[in-house]
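Have a look at the structure below, then the notes.
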């Protein structure tokens, strides 16, 4: 594969902006100073708006300069629109990809894909979708020899293109690096990065990315029906690395992978940098229960499934959704080579797109979006906030033309003319199980001497550095004693706020609720495990606060508290346990909120 260092080092010069009319917001917030780190103070009252407040428009999240028209209706009551925000935030393309901001081990000089002298065109799906070929993405582990041969031919053709061709494998890999390692800062916010991880942009960005990658591959082999495979790691048959990627003579092979994780090794969807000591049957069971927790228990509403809103002028990393944390993060780190200085290739965002396995991994992540919507079509819907729908990205298509595509353009897979092979989802019946005795009612602020001896310290005051297991008693809102109808309408959510983590190290910590006297007795499939936070290493250019990012983890509690028999308790005991990157994480606060 051609080195990304062959790419051009001068920035692109195209620009794009398309404002749309504003609409009144449903709530009002006090905007922090530009570039400040911190939360926005909000109220849900639609009382007298501040006349000096500007409407939010044009969430500009592009490669080069991309505009997105977005009205400001604050539809998500849990995440009201941030009034007074800057209406336009174009990327500062002059800051793209300096070599000193990539890891020292990187053999590339820039994340900048090739520039375009032409203005971008707006994406337009086929007017008559039924007349366009339908592409069916197969499960990689069950793909036949003919398909594997065709896929090898397509990847080989892409890798044979020169790096300054935007369809080349080198240029396509650089797209992920550019969007995910802070190669751009929004115009007017030189201290901020654009980042498509850790927010509601994660799912739609990667769907767009795979869409154009797939169409380029099909064009290169003259087959408009060609579809990329998905790595079916959520079912027992697909939990090993697909064999087509392990043939060292194949263009699908990447030498920078973890050599201990070749087939028949089963993936650990809860991986934390250490090899688990489970039998294969235990590993499968754990993986299925992890999938249930992330896809069902933690994803009851769109606002929780997709992650926190990220709007023009916001600091990036507002908060990831459950699937982005797990299994997305652990699969990246499980595949990356621990012998490489920065965990390349899959184990670091700047290099992840250089491993062909990346695209199969993210195809299954994209499939999870479709599966989630099918689990409960009434409640599991796409977001309706215009700031999400009109966020946009720039990609090259197969012609190649520079195309602006918005989130609203990719919500209907039928219009995009692709689908996934129908395979079982055994995790839908793998509800986590209670594994420890329930902590006595946390109305008492004292833990038992036995609990103190179990290796978890009590958090005396926040913020705390998570260098060892830490317990804290958290009061529940008065409104937590709710009817079933009220629980269906609003979710009780554990909020781990002010998470500060070094962005260029692999980090994972687990969050337990009422784990009894010993959290170590709870396995990955235990009901007391409320969820986890995972950081895949990456670097940013523009972060003037140093290497740390600041973000929030939100974990739905309704189903967990029901299973633990804790619905009537005034408080719960939360235990934070560092698994990877001990001492690299600070926690600002732990609280419980009621949200849509």
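Cβ atoms are placed via backbone N, Cα and C, with glycine included.
Remember, TrEMBL labels are computer predictions, not curated facts.
Features as listed in TrEMBL:
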COMPBIAS  1-14  compositional bias 'Polar residues'
REGION    1-33  region 'Disordered'
COMPBIAS  15-24  compositional bias 'Low complexity'
DISULFID  96-112  disulfide bond
DISULFID  111-177  disulfide bond
BINDING   176, 197, 206  Cu cation A binding site
DOMAIN    197-214  domain 'Tyrosinase copper-binding'
BINDING   328, 332, 362  Cu cation B binding site
DOMAIN    355-366  domain 'Tyrosinase copper-binding'
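Here the features listed in TrEMBL are placed on the structure.
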residue : record                   : contacts (Cβ under 8 Å, 6+ apart)
176     : Cu cation A binding site : 209, 349, 352, 353, 358
197     : Cu cation A binding site : 180, 317, 320, 324, 349, 536, 538
206     : Cu cation A binding site : 196, 362, 365, 366
328     : Cu cation B binding site : 361, 365, 534
332     : Cu cation B binding site : 346, 347, 352, 361, 536
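Counting other Cβ atoms within 10 Å of each Cβ, the disulfide-bonded residues 111, 112 show the lowest value at 112.
Separating the Cα atoms of residue 177 (disulfide bond) and residue 112 (disulfide bond) is a whole-number distance of 8 Å. Taking each of the recorded positions 177, 362 in turn and counting other Cβ atoms within 10 Å of its Cβ gives the largest count for 177. Listed in sequence order, the residues 206, 324, 327, 329, 331, 352, 358, 361, 365, 536 complete the 8 Å Cβ shell around the Cu cation B site centroid, once 328, 332, 362 themselves are left out. Neighbouring residues of the recorded Cu cation A site, listed in sequence order and excluding 176, 197, 206, comprise 179, 180, 196, 202, 205, 209, 349, 352, 362 (Cβ within 8 Å of the Cβ centroid). This prediction places the mean pLDDT of the domain 'Tyrosinase copper-binding' (355-366) at 98.
Helix, strand and coil counts from DSSP across the domain 'Tyrosinase copper-binding' (355-366) read 10 helix, 0 strand, 2 coil.
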